[in-house]
Amino acid sequence: MAAAAEPGARTWPGSGSPRLGSPAGSPVLGISGRTRPGSGPERTSRAIGSAAPGHSFRKVTLTKPTFCHLCSDFIWGLAGFLCDVCNFMSHEKCLKQVKTPCTSIAPSLVRVPVAHCFGSLGLYKRKFCVVCRKSLEVPAFRCEVCELHVHPDCVPFACSDCRQCHQDGQQDYDTYHHHWREGNLPSGARCEVCRKTCGSSDVLAGVRCEWCGVQAHSVCSTALAPECTFGRLRSMVLPPSCVRLLSRNFSKMHCFRIPETMVLELGDGDDGVDGSAAIGTGREVLTATESTKQTLKIFDGNDSMRKNQFRLVTVSRLARNEEVMEAALRAYYISEDPKDFQLQALPLSGNAQALGKAGTTEEEASKGSCPRDSVPEAWVIRSLPRTQEILKIYPGWLKVGVAYVSIRVNSQSTARSVVQEVLPLFGQQVEDKERFQLIEVLMSSRQVQRTVLADEEPLLDRLWDIRQTSVRQVSQTRFYVAETRATAPRVSLFVGGLPPGLSPQDYSNLLHEAMATKAAVVSVSHVYSLQGAVILDVTCFAEAERLYMLARDTAVHGRPLTALVLPDVLHTKLPPDCCPLLVFVNPKSGGLKGRELLCSFRKLLNPHQVFELTNGGPLPGFHLFSQVPSFRVLVCGGDGTVGWVLAALEETRRHLACPEPSVAILPLGTGNDLGRVLRWGAGYSGEDPFSVLVSVDEADAVLMDRWTILLDAHEIDSTENNVVETEPPKIVQMNNYCGIGIDAELSLDFHQAREEEPGKFTSRFHNKGVYVRVGLQKISHSRSLHKEIRLQVEQQEVELPSIEGLIFINIPSWGSGADLWGSDNDSRFEKPRIDDGLLEVVGVTGVVHMGQVQGGLRSGIRIAQGSYFRVTLLKATPVQVDGEPWVQAPGHMIISATAPKVHMLRKAKQKPRKAGANRDTRVDTLPAPEGNPL
């Protein structure tokens, strides 16, 4: 099967090379469109030569240091060539090599539109807007899925050319090409072809594939093979061709489970900023101080007037109407002939009641008169009526020899007549043409909307209505002819926060009572009773959207529900060598580093395989991967987060096709003892996320014991009504250590302080300082713990020395890296290992002793070693397990091994690099994450 173009693709006009922000032109779809014989010429560009698609270059005099956007070299001398529309700057010698299309024609080059997923406004240093090519000196937006950066007021003009990370039933591909994104490379990036520097911190230059990370000059990229193999991380990436999600009614934020916490909300179709606000970046020109200039407010159709969104254009007071019209079109990146439009003046009151009538008449326009002081400052761009138009029609299926065909439509043309006319041009010699329909696709940067047109819909009237709404919107609208398919909609919804321990029928009844689910289209497909969660199969898009939005505002038995949209992994299509990585990130760990890692991993991998633990926990991820035959897990968080994920893995193991996945750790917490033992370090300190993933891929698999602690409290006499109360038994899983006494008391005090003021506990250094302060307060504390507990090891009573704390350790790291057991040889005990099936029991005499252990001056008091322990608490005592403290009532604690052992990944030792060895391109050039949300 021939390779298909990457979804979201844009082609390079005039060549078979890939367009920036997209993969190569498809050998299946072809590069250029096909015009029906007899149709007139189509205006697409005002470029200097065919090598500069869409640009309007003019020679300018340089007054400050300037760099070329093609070669990124300094422009020597006083002359350069600047595009009046998109600000592309070039040497004269580079003009003929420019293949980067102008922003004005970029939407027409998108292969398959894929909307972007913009997060919160952030400050991004030394980054550039892909629309106006200017530096991001003010808060801007960044796509959470690809490396697209854009000013807030440039968002409406950004292309819908994001990565397609799943199949959506429209045009599904099995083979992907490079998905090129222009600029914002690190200054040290090197071209894969010529090995010269291709990145720049001064201008938007160079290209990078969003999937494999290969980087090159825009000219050199044409020499690379078009097919993308996903690079160094190919075995870890969940292939987009193996993920299916019918997401018609859901935004990209919903599909990728990204919380909608944007500082500036951009509603559907509301992709701009309030025109009444000051605009500092983008295509607008600020008010000139010269008396010979004037600044005009330019609106684009009814939509921008309704939202009061305008662009500022500064022109000479002696400018002709044609010049003003060209400036207005440039402000909105409109590349059509200015003669097809007119400017209509708006009343000074701003009321648009005379819209379409007031302002410039045809007679006034023909006079060539210039705007004067009496001319209104607010104008709206209007399209002149047309008796016919050239319309591009795109095929809605693969294996077509052309990308589109162009036909002429007039007042008699309808959707049905257009379908019948273009089918033979696409090679579809079918008798039943009624099976095909015409689909209108609006390709905004944040949402791609598809509308099926009625058979009798007049196409010319439809285009007129679009232009009345927004002239720019015409360039973002396409028409596809596609076969009518009765595809049954199916959406999987994860609903968590339900009461645990119920039956499938009970959960179904509970949801029907809480959200009035429709039994005809909603069914419970999976039940996770222990976690109080279900998976709903919904066969109606409208019902799925209603349930999703309603569940987020619904509480059951006082607990709020969690709702997530989950795709389906087509596990039978996974390549044999594919072992995708399931990533869990706790954004609350490590300050803001967790959120930075979330964004980085979404871009390095498929965002469907990256889960935020504060949004549903680990269960949705394990359910998504339940049919994957082989996968690994990366947990980004502290030891408590690791324990959370391992506990969820234990509970869902029987549902997994891969019941024993190996687990790696990226430590973000305070202690990170398990991360230290497995060589992942004392804590994440800003390493390159790509290097982290490579280390996970190269890590060694090891086994680790896990332990089950049964807490069974004694009967408690109630003093109020003389009723005997019994605390129910509780089971806790342990990975690292369990402390009883003084160390648990310190941990409890720290935990309570963090709950009172969580905002202060965002750095590892501050957290350790609080531990020290709490410890100093307990330095004179004496409890005589050995008199308050009893210990049995392997059913044998063990006499305890005089201690204040008793600690059971599973790994050779305690309290942020201290060796509590010690390294001295002792014939009474075996050398500890994390997979030996034994726990070591150690005592400490107080806070001073603990401090000496932390400083490496002493070790703990070795008491016992075994696999089965019984501890009797004679009074209420502080207890902690893996950093989670509480006060345990008098009773029994039984500690025993959990089967089976868990598979962990230990970071491989770094091998010395040979001199002159080539490093992986992605490792060399991937930029570190940056940009802090406001």
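Here the Cβ of each residue, glycine as well, is placed from N, Cα and C on the backbone.
Per Swiss-Prot, these features apply:
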type	residues	note
MOD_RES	Ser22	phosphoserine
MOD_RES	Ser26	phosphoserine
DOMAIN	387-486	domain 'Ras-associating'
MOTIF	566-570	motif 'LXXLL motif 2'
DOMAIN	576-713	domain 'DAGKc'
COMPBIAS	905-916	compositional bias 'Basic residues'
For the domain 'Ras-associating' (387-486), how many residues does DSSP put in helix, in strand and in coil?
30 helix, 36 strand, 34 coil
For a three-state summary based on DSSP, what are the helix, strand and coil counts in the motif 'LXXLL motif 2' (566-570)?
0 helix, 3 strand, 2 coil
Mind looking up the mean pLDDT for the domain 'DAGKc' (576-713) in the predicted model?
92
When DSSP states are grouped into helix, strand and coil, how many residues of the domain 'DAGKc' (576-713) land in each?
53 helix, 33 strand, 52 coil
